[in-house]
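Feature annotations, courtesy of TrEMBL:
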| type | residues | note |
| --- | --- | --- |
| COMPBIAS | 11-21 | compositional bias 'Polar residues' |
| DOMAIN | 28-77 | domain 'ZF-HD dimerization-type' |
| REGION | 1-21 | region 'Disordered' |
Amino acid sequence: MKQRQVAVRRNGSNRGVGNSSVASGVRYAECQKNHAANIGGYAVDGCREFMASGEEGTTGALTCAACGCHRNFHRRQVETQEVVCDSSCV
């Protein structure tokens, strides 16, 4: 059985350890839509995380079920993981 070592890349540097590949995922966090922008203020609704209203591939997948905002108003977090294999991995 092959063993793999998983390391999280934090600073983007590759330290020359065997073969590696990078897998990334995107997560949408709290809503940052300013609901009081038209009156010169700042107020957010408190939505903590994006939850899709519909299935992937539909227009509902871009609308948050909790706050009703578009996915672009939510803070985007890119999570990357680097899979590192020594020279014996193929």
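Cβ from N, Cα, C; glycine included.
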For the domain 'ZF-HD dimerization-type' (28-77), what is the mean per-residue pLDDT, to the nearest integer?
93
With DSSP as the yardstick, break the domain 'ZF-HD dimerization-type' (28-77) down into helix, strand and coil residue counts.
10 helix, 12 strand, 28 coil
